[in-house]
Ligand SMILES: Nc1ncnc2c1ncn2[C@@H]1O[C@H](COP(=O)(O)OP(=O)(O)O)[C@@H](O)[C@H]1O
Ligand SMILES: [Mg+2]
């Protein structure tokens with residue numbers, strides 16, 4: 001391991017701009033870098049000559065699906081079209097920056113975003129998940145914010161598949177290892193098992209950060225003469241597998257043989273980088289800032305220059321290296337973690353370097369903002385890149401991929417889980433046994449085995465986290481101002497009907513935030529789908545985006561940013577080998593005083609349980625259909641967004657006025673699961689009666705317990721507030737029904753569904769908590 | 001009372017320790033690892049976190065930081081020093097406390113609300129408790145298994161220097177369920193659980209942790225009156 | 001009773017945060033002569049009988065499947081312990 | 001450029017959760033011949049010049065003060081790397 005700056009490899013022919021102009025016939029391995037013939041032709045047109053190896057490296061990585069969103073761009077524009085001025089009211093920075101920024105009042109702003117690290121987490125679960133968390137944290141830092149919490153949404157193959165036993169513990173300890181070590185509380189997430197994720201686990205990580213309004217920073221390089229500083233970890237050969245073709249082309253004799261396929265994270269370096277950045281921001285030493293993630297320096301330089309007001313000159317030989325054998329192409333492409341790039345005025349640069357020195361963070365002045373409009377990259381004085389930065393960063397190819405509703409969709413939707421086709425439990429004994437099996441099933445069982453590996457307390461501002469519906473953190477210690485976040489997705493519903501499924505995921509996250517007592521304000525999303533080259537997948541994608549955009553408009557919450565992950569698919573069986581279409585939606589809400597937040601379980605005896613919303617026979621895509629019959633078909637539950645809005649409004653008012661002591665959203669597993677979780681939260685039982693509910697909604701006890709109708713929440717109302725609570729629901733026209741009372745916390749306490757069955761909480765707890773340890777070790 | 005809280009690169013719960021000091025009525029003073037100066041504080045807290053990444057051994061590198069030479073000298077003179085989690089590891093690495101902390105027996109990081117028994121109320125950091133009192137504070141660590149040889153363990157027990165013990169199941173394989181210990185004089189205490197995360201209603205399990213900080217403030221008052 | 005020693009190191013091209021932390025700390029303690037540090041793992045496996053070639057072959061298989069992660073680590077040696085290393089002296 | 005190899009192992013009487021986990025996992029993967037496993041650390045330190053006796057003495061001091069904790073670990077060897085182990089091959 002050598003740590004010096006590289007000497008120009010002797011004897012190797014450097015592919016300079018000059019040489020490229022002089023050797024137009026020289027063929028470059030554009031195909032091996034993933035470019036299409038017409039894309040390569042466009043690059044030649046833009047440049048008026050063949051690209052150099054370094055230019056080709058930049059274009060190929062920046063024009064990849066991952067960086068250019070070339071298949072998804074046309075659809076993502078839908079979000080903008082559905083964002084009204086009213087929705088923009090709280091939006092300080094919208095889609096397009098590293099992360100959106102939302103005004104939460106009192107001079108405070110928050111920024112949040114969810115991103116995927118799916119494929120790397122399959123190859124190397126620990127490091128893949130860890131660097132996924134690290135990457136999203138840097139996006140938040142790049143906005144000028146202090147990161148305050150993380151969340152993770154995880155999807156794995158079948159729970160008893162041998163490879164799941166490899167992937168789950170690795171991913172979980174990677175998420176925890178990075179987040180715990182960097183000192184950010186993990187305040188929630190999801191875990192879901194389904195065979196479609198076998199070989200394609202989904203690892204989506206969210207970070208939220210807070211700042212004062214005046215601290216918002218943007219990623220652009222403005223001001224001729226301002227300096228470009230790279231700081232953080234040294235650059236190694238991480239994640240440049242592909243570009244080695246170029247290295248071997250131009251550096252035949254000196255090119256290194258091995259380039260790591262995976263990146264290793266160093267959370268300690270990132271923690272120091274966070275503190276260092278915050279010191280830099282508060283001292284006013286940063287004009288513009290950008291994190292280095294996918295596509296490394298290629299991305300950071302071209303995006304900063306493209307968003308700026310001039311050109312940029314970079315001396316690539318000044319990049320501090322971990323591996324001195326790297327070629328210019330490789331340095332441009334390296335995805336080494338824990339690096340940032342800042343634009344600094346010449347007057348501030350000494351002070352800037354003093355701060356980085358205080359934190360033992362390496363920094364190098366790579367170049368400057370120039371007049372003109374070219375991005376120039378030099379290697380020991382010779383120009384290896386000379387491009388218009390916009391063509392690299394923002395004007396990549398855009399595809400209108402063909403899409404079509406798959407022929408199989410009709411049959412799928414026709415395959416409804418009717419009582420005639422899937423036998424349903426009817427007697428008390430059958431219902432009791434079903435409830436115990438359901439609550440122990442992989443997607444409904446306790447997540448404690450996972451979440452106990454995450455620090456939820458660090459920073460001292462967490463007031464709700466697992467297993468509550470939303471994570472809630474305090475942002476301002478003086479006033480108690482804080483935010484609530486929930487991350488939800490439902491691939492099964494989205495498979496049955498992509499537009500409705502995406503909206504159901506949105507509605508669940510929105511409802512979760514309101515259930516905790518917060519006013520929903522903004523949305524981030526991570527769209528995980530199969531191959532865009534499959535018209536069926538593309539149809540799912542287009543439908544989901546359309547549904548999501550319309551849903552956001554109806555609820556009045558704008559999409560502020562997100563991430564698209566395509567090609568989550570193994571094999572070539574088309575749609576059948578793709579993951580369930582999985583939009584994961586994060587909703588952020590505000591509480592003016594987080595001490596008013598509502599927890600998800602009851603702890604006082606004698607409170608009255610009310611069910612808000614109505615229940616229909618909706619079991620298509622439900623957990624019951626899957627757990628008991630391995631069935632996925634029919635239509636997902638219907639969604640009424642006006643009702644969701646009303647429900648949220650009532651819940652937020654209830655929290656503000658202290659009308660409810662607990663509230664729990666009904667989602668996977670229906671009312672049965674909500675009763676189990678609400679009871680187990682603090683160990684207080686409940687006595688429940690279903691007759692009135694069945695009568696009012698025209699359903700039977702099985703449907704009452706296991707249907708997954710949307711728009712429902714279970715709340716515990718203190719007796720002295722019952723009148724006010726009833727009046728408020730009645731006045732607002734919200735369906736509400738008294739279905740039970742809470743019991744005390746005791747050894748003997750039970751969940752008693754009157755006239756049908758009763759289960760001691762001890763037995764419920766045993767069933768609920770045993771599953772994950774049994775599969776992944778105590 | 002001015003209580004210093006050391007920040008090493010990689011300290012995570014330093015802000016929380018300062019908040020706990022403040023809520024207990026003390027004046028928190030931020031101390032920097034590279035600064036060989038305690039700035040005249042009356043007590044020191046070594047907070048939780050992963051100093052220098054803790055890749056080698058927890059606390060191994062922090063022990064050699066400039067500020068630690070002052071902390072060690074102060075502790076030997078009787079300065080109250082509290083090590084929480086990573087701070088406990090630093091105290092053991094510095095030989096201010098005996099024993100060492102190793103990887104949890106189940107090999108996983110664990111974060112949970114932990115029941116403890118206060119075994120000794122005769123240290124500077126536990127005088128506000130009753131001996132035998134049960135408290136709940138968060139526990140969060142990956143390397144919290146306390147180990148020492150049998151003789152050392154017997155001596156700790158015999159001299160009443162086991163300060164906290166885990167109740168309701170051993171969360172990490174610590175020998176004899178030991179969660180925290182003191183030096184002979186009772187001015188240096190180290191524990192794995194995080195009392196600074198149980199100081200505010202609504203943010204953690206109750207406020208049992210506050211007493212560690214009020215203890216040291218009260219004992220300073222007592223000694224000031226006595227002097 | 002025999003003993004097999006297995007050494008596993010991070011691949012040279014892979015970032016080694018542990019080694020990095022150590023190499024940063026050494027000069028602060030006055031050890032200035034070391035320009036790079038990498039930290040790996042060393043396993044000692046005990047067997048009932050002697051360390052035969054079959055035992056070594058088994059141990060190598062265990063090293064490659066369980067004791068190392070081939071994506072980021074190399075098994076650099078699998079050998080019978082000589083007296084000195086074994087006893088922990 | 002020279003290289004020093006330092007081996008550090010947990011003391012025999014000290015609980016070694018990692019070793020214990022490995023010994024538990026081996027039989028599940030079909031490796032049945034191993035009766036005990038201990039997991040320690042292996043460091044490779046690079047020096048500019050040759051590995052002289054002074055360098056080794058320095059390395060031993062570093063091993064005993066920083067790289068190991070005498071309460072729970074033993075430095076079992078400090079030696080110049082022979083070609084084979086060094087290259088990470
Ligand atoms: N991977 C995870 N990381 C952190 N928290 C999680 C994770 N998975 C689940 N949780 C938490 O566990 C609880 C239960 O999850 P889930 O059943 O999906 O909740 P809901 O259906 O109400 O969204 C929630 O508090 C959720 O935030
Ligand atoms: Mg959910």
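A Cβ is built for glycine as well, from the same backbone N, Cα and C atoms used for every other residue.
TrEMBL does not curate its annotations; it predicts them automatically.
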Return the residue out of A:263, A:409, A:413 that TrEMBL annotates for the same substrate site as A:116, A:117, A:118, A:119, A:138, A:335, A:336, A:337, A:565.
A:263
Checking feature assignment: region 'Disordered' per TrEMBL, candidates A:402-426, A:427-451, A:452-476, A:477-501. Which range matches?
A:402-426
Report, as numbers and ranges, which residues of the same chain sit near the region 'Disordered' (A:402-426): CB under 8 Å and 6 or more residues beyond its ends.
433-434, 495-497, 535-536, 538-539, 541-542, 575, 619-620, 622, 625, 628-629, 631-635, 700, 702
Around residue A:138 (substrate binding site), how many other C-beta atoms are within 10 angstroms of its C-beta?
25
Among the binding-site residues A:337, A:563, which residue has its Cβ surrounded by the fewest other Cβ atoms within 10 Å?
A:563
Among A:116, A:117, A:118, A:119, A:138, A:263, A:335, A:336, A:337, A:565, which the record lists as binding substrate, how far apart in Å are the two most distant Cα atoms?
20
Looking only at the domain 'Phosphoribosylformylglycinamidine synthase linker' (A:31-70), what are its DSSP counts of helix, strand and coil residues?
25 helix, 0 strand, 15 coil
Only counting partners 6 or more residues apart, tell me which same-chain residues put their Cβ under 8 Å from the Cβ of residue A:113 (ATP binding site).
A:98, A:99, A:100, A:136, A:139, A:140, A:206, A:207, A:524, A:560, A:561, A:562, A:563
Cβ distance under 8 Å to residue A:69 (ATP binding site), same chain, sequence separation 6 or more: which residues?
A:76, A:564
In the chain carrying residue A:291 (Mg(2+) 2 binding site), residues 6 or more apart in sequence that have Cβ under 8 angstroms from it:
A:98, A:135, A:138, A:139, A:141, A:142, A:300, A:339, A:340, A:341
Can you grab the distance from residue A:115 (Mg(2+) 1 binding site) over to residue A:525 (ATP binding site)? Cα atoms, rounded to a whole Å.
8
